[in-house]
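Worksheet for the structure shown next.
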Amino acid sequence: MLPLTDDKQWTGSVLAANELLLTTCQQMEKQPLPQEDDPTTVPLFDANGSAAGNGELTSPSSEPPARDGWNSKVEYFLAQVGFSVGLGNVWRFPYLCHQNGGGAFLLLYVLLMLVVGTPLFFLELAAGQSIRQGSIGVWKYISPKLCGIGYSSCVVCFFVAVYYNMIIGWSIFYLGSSFQYPLPWEQCPGQGNTTVALHLAGNAEADGPSCVLRVRSVRRALLQPTSGTAKALDITDSIEETGQFNIYLTCCLLAAWTIVCLGMFKGIKTSAKVMYFSSVFPYVVLFCFLVRGLLLDGAKEGIAHMFYPKLEIWGHVQVWRQAATQVFFALGLGFGSVIAYSSYNPKNNNCHRDAFTVSFINFLTSVLATLVVFAVLGFRAKNTVMACIVSNVEKFSQQNVTAWENQTWVPSFNFSDPGSVGMEEYRSWFLAHKAAIPVNLTDCDLEKEMQKGAEGTGLAFIAFTEAMSLLPGSPFWSALFFLMLLNLGLSTMFGTMEGILAPLTDNFKTLARNKTKVTVCSCVIGFVIGLLFTQRCGNYFVTMFDDYTATLPLIIVVVFETFSVSWLYGADRFLDDIEVMLGWRPSVIYKYLWKYVCLLAMVGLLAASLIRMFIARPTYMAWNQEMASEETLEYPDWALAVLSLLIIFAMMPVPLGFIHSTLRSRAGGDPIGFQPVSTDDKCETPMTDMSDTMQTPL
C-alpha cells in the first residue's frame, strides 16, 4: 500500500489531468487558427479514437510524410489560375453575356464579383493558408462539428470530376479528328442520315451541294461524314433509351483519366510542372484566335452584337441568379481546391493580393474568350446570311421578271448578280415588300443567326467548330482550338482532384503514406463510373450531372462555410488571425461582407435555385431522329429520384459530421476521430518566403 501522501498526490494528478483534458476539448470547439510559431501538436488519439500511447509522444517514424509545398510563387499562381479558369470561361460566360444584355451583364458580373465572389475567395485562401490543411482539416480545426463541410466538398468534387473528364474526353476525340482534311463535320451527311439536322442557307430544305452541316448537339456533332471511317455517337432519342457503349468515346475517356493520373501521380510535384504548359498555352491560343478572328469578315458585327447593352435586364431575377452562379463557379468556390492549393503556401504569403489578382485574371479571360467566340460566330453568321441572300436572289432572278417591271416592289439592286447584293440592301427591300413579293423568299436576319447554336457546350463543340470549318487551313485552327480546350479542362481537373486527395491524405495517416495508390485508385473508380457517359444516352447524364448534382450542394457548402467563419468562429477573430499571418489587418468591410452581404447573397441564390427546380419540372434537350431536330423533354421519375439521391448523398456528411462529433463529445470520446498530418511549415519543397513587399496591403 502506498503512503497516504502519495495517494493524495496521485489523486490530485488524476483530477488535474481530467480537468486539462476537459479544457482542451472545450477549446477545440472554438480555437484560434494556428500561428507560424506554434509547435507541432501531437494528437491525443490515433485514427481509431483510442489513446495514442501511455502519455508518450508518437514516434516520428510513425508520422506520415510532411506535406508538399510550392517550389515557387509562379507554380502556385499558375495552379490557382488554371483551376479557376476553365471550360466555362469559353462557352458558358459568352452565352450568358449574349443572352442577358451584353454589356449590362458584364457590369452586373463585375459588381457581384467584387462584393460576393472575391471576398469569399479571399476567405478560402486565408483559411487554407493559415491552417495548412485541406477542406476537411480546415473546418474540423474551426470546430469538430463542422468536419462534414469538408467531406461534402470532397463528394461534390468527385461528382464533378466524373462527368468533367468526359468533356475532356470529347475534346480528345475532336482533337484527334482534326488531323484530316477536309474536317469530317465540313461535309454534308449522306441520304437517309437522320442523326443530324441539315440547314440550307436561308431555307428549311436540305438538298444539293449548298447544304451546311448544322449539328444541334455536341454529342451528335461527333463526326457524321459519309465515309466508312465515321465514328458517330448515334445518340438516343431520350435518356430512357440506353443503347450500347461507344468504343471510341470509351477510349477517349480512358486517355483522359490516364493523363489526369499521370499529372497527379506525385501530387503537386508533378501537377505543378504540367501547369506551366496547361495554364499558359490556352492564353497563347486565345490571342492567336483573337488576332485571326478580328481579321474575319463579320467580326465587327459579332462583337457589336455581343456588347450591345440592354440595361432593362437588371430588373429580371433570373439574370441576377445566372450572374451569381457564374461568379460562384468561375472562382471554384466550395470545391475545396482553393483551400488545398492555398494550404501549400507559407504563412506570410499575401493571399489578399492573390484573391484580387486571380479574380481579375479570371474576368479578363472570360472577356477575352467572349471576344474570340463572338468574332468567329459573327464570321459564321455573316457567311450564312450572305449564302441565304444569294440563294433568295437567285430564286428571284429565275422568275419571269419582265412581267413585273412596273411593280413598285421590284428591287433596285442588281439581282442578276446575287453576289453583289449586301445584307442591309436586301433586308430593307424584303421587309418593305415581303407581303407583295410573289416568290417564296425568306428573311436573312443576322441577329437571328447569331442566336443559333450559342448555348452551353454547343457553343464550343458545335457553333465554333462549324465556324472554324469555314476558315482557310481549318484543320490547323480546329486542332489548336481543341488542344486549348483540353488544357483548360486538365488544369481545372487537377484542381478538382486536389480538392479530393488533399483533405483525405491530410487527415488519414494511412492514406498519406500511400498517396500514389490513393491517386491511382481514385482515377480507376472515376473511369469505371464514367463509363455511364459513354453510352448512346451518356450525353443526357452529363447534362443532368452538370445542371443539378454540383450546383445545389456547392451552394449549400459555401453557405455553411460563410456562416461558420463569420458567425460561429467570428469574423473579427478571423481578421485577427489574418493580421497575425500577413502582418497587417484587412479592411473591416470584409467583416460586413462575410456576415451579411455574402451570406445573404448565397442564401438568396440557394432559394432561387430551389424555387426554380420546384416551380417547373427539370427538363433536358433531346434529339428527335425522325424530326432531325432537338426537343425539350422532362426527366422521368427515376431520373429525378437519382438526382435527389445524389444531392442528398453529397450533403449528408454535414449533418452526420455534426451528430457524430456531438455524440462522441457527450460520450467522452475524441471529437476528432483521426490523426491529422502536421500543420507546421515543414514541407518537402517549401516555397521561399515572400519578401516584405508582398506583405503590404493591396
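Each residue, glycine too, has its Cβ placed from N, Cα and C.
As annotated by TrEMBL, Na(+) binding site applies to GLY82, VAL85, ASN89, ASN362, LEU488.
Sequence annotations record features per position, and here TrEMBL assigns transmembrane segment to 76-94 (among others).
The transmembrane segment annotation in TrEMBL covers 106-127 (among others).
What TrEMBL records for 148-175 (among others) is transmembrane segment.
The transmembrane segment annotation in TrEMBL covers 245-265 (among others).
What TrEMBL lists as transmembrane segment is 274-295 (among others). If you look at the transmembrane segment (274-295), the same-chain residues 6 or more away from its ends with a CB under 8 A from one of its CBs are 75, 78-79, 81-82, 85, 263, 365, 368-369, 371-372, 375-376, 379, 471, 477, 480-481, 483-484, 487-488, 490-491, 494.
Taken from TrEMBL, the feature transmembrane segment applies to 323-344 (among others). If you look at the transmembrane segment (323-344), the same-chain residues 6 or more away from its ends with a CB under 8 A from one of its CBs are 67-70, 76, 79-80, 83-84, 88-89, 92-93, 96, 100, 105, 108-109, 112-113, 116-118, 120-121, 124-129, 131-135, 138, 150, 153-154, 156-157, 160, 268, 351, 354, 358-359, 362-363, 366, 492, 495-496, 498-500, 502-503, 506, 551, 554-555, 557-558, 561, 601, 604-605, 609, 683, 687.
Nonlocal intrachain contacts for the transmembrane segment (356-377), taken as residues 6+ away from its ends with a CB within less than 8 angstroms of a stretch CB, comprise 77, 80-81, 84-85, 89-91, 93-94, 97-98, 106, 109-110, 113, 117-118, 121, 283, 286-287, 289-290, 293-294, 296, 299, 302-303, 305-306, 330-331, 450, 454, 459, 463-464, 467-468, 698. Sequence annotations record features per position, and here TrEMBL assigns transmembrane segment to 356-377 (among others).
TrEMBL lists 476-497 (among others) with the feature transmembrane segment. Long-range Cβ contacts of the transmembrane segment (476-497) within its own chain (Cβ-Cβ under 8 Å, at least 6 residues beyond either end) map to 79, 82-87, 89-90, 157, 160-161, 164-165, 167-168, 171-172, 174-175, 178-179, 183, 259-260, 263-264, 271, 274-275, 277-279, 281-282, 285-286, 288-289, 292, 332, 335, 337, 340-341, 460, 464-465, 468-469, 519, 522.
Long-range contacts of the transmembrane segment (518-536) within the same chain, counting only residues at least 6 positions beyond its ends with a Cβ under 8 Å from a Cβ of the stretch, are 158, 161-163, 165-166, 169, 233-236, 241-246, 249-250, 253-254, 257-258, 260-261, 264-265, 267, 497, 500-501, 504-505, 511, 542. The transmembrane segment annotation in TrEMBL covers 518-536 (among others).
Annotation comment: TrEMBL describes 548-571 (among others) as transmembrane segment. Same-chain residues lying 6+ beyond the ends of the transmembrane segment (548-571) with a Cβ under 8 Å from its Cβ atoms: 30, 120, 123-124, 127, 139, 142-143, 146, 149, 152-153, 155-156, 159-160, 325, 328-329, 333-335, 590-591, 594-595, 598-599, 602-603, 605-606, 609-610, 613, 618, 643, 646-647, 650-651, 654.
The transmembrane segment annotation in TrEMBL covers 592-615 (among others). Only residues 6 or more beyond the boundaries of the transmembrane segment (592-615), in the same chain, are considered here, and those with a CB under 8 A from a CB of the stretch are 112, 115-116, 119-120, 123, 317, 321, 324-325, 328, 548, 551-552, 555-556, 558-559, 562-563, 565-567, 571, 574.
Feature annotation from TrEMBL assigns transmembrane segment to 635-659 (among others). Sequence-distant neighbours of the transmembrane segment (635-659) (same chain, 6+ residues past either end, Cβ-Cβ under 8 Å): 145-149, 151-152, 155-156, 159, 239-240, 544-545, 548-549, 552-553, 556-557, 560, 617-620.
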Determine, for the Na(+) site, the additional residues of the same chain whose CB lies within 8 Å of the mean position of the CB atoms of GLY82, VAL85, ASN89, ASN362, LEU488; present them in sequence order.
VAL81, PHE83, SER84, GLY86, SER279, PRO282, THR365, SER491, THR492
Per Cβ pairs under 8 Å, the stretch of 76-94, 106-127, 148-175 packing most closely against the transmembrane segment (245-265):
148-175
The transmembrane segment (148-175): which same-chain residues, six or more beyond its ends, come within Cβ distance under 8 Å?
87, 134-140, 218, 222, 248-249, 252-253, 255-257, 260, 334-337, 457, 461, 465, 478-479, 482-483, 485-486, 489-490, 492-493, 496-497, 499-500, 503-504, 522, 526, 529-530, 533-534, 538, 541-542, 545-546, 549-550, 553-554, 556-557, 560-561, 564, 646, 649-658
In the chain carrying GLY82 (Na(+) binding site), residues 6 or more apart in sequence that have Cβ under 8 angstroms from it:
MET275, SER278, SER279, SER491, THR492, PHE494, GLY495
Here the 10 Å Cβ neighbour count for VAL85 (Na(+) binding site) comes out at 27
Sequence gap of 6 or more, Cβ distance under 8 Å: name the residues on the same chain that satisfy this around ASN362 (Na(+) binding site), in order along the sequence.
VAL81, SER84, VAL85, ASN89, ALA330, LEU331
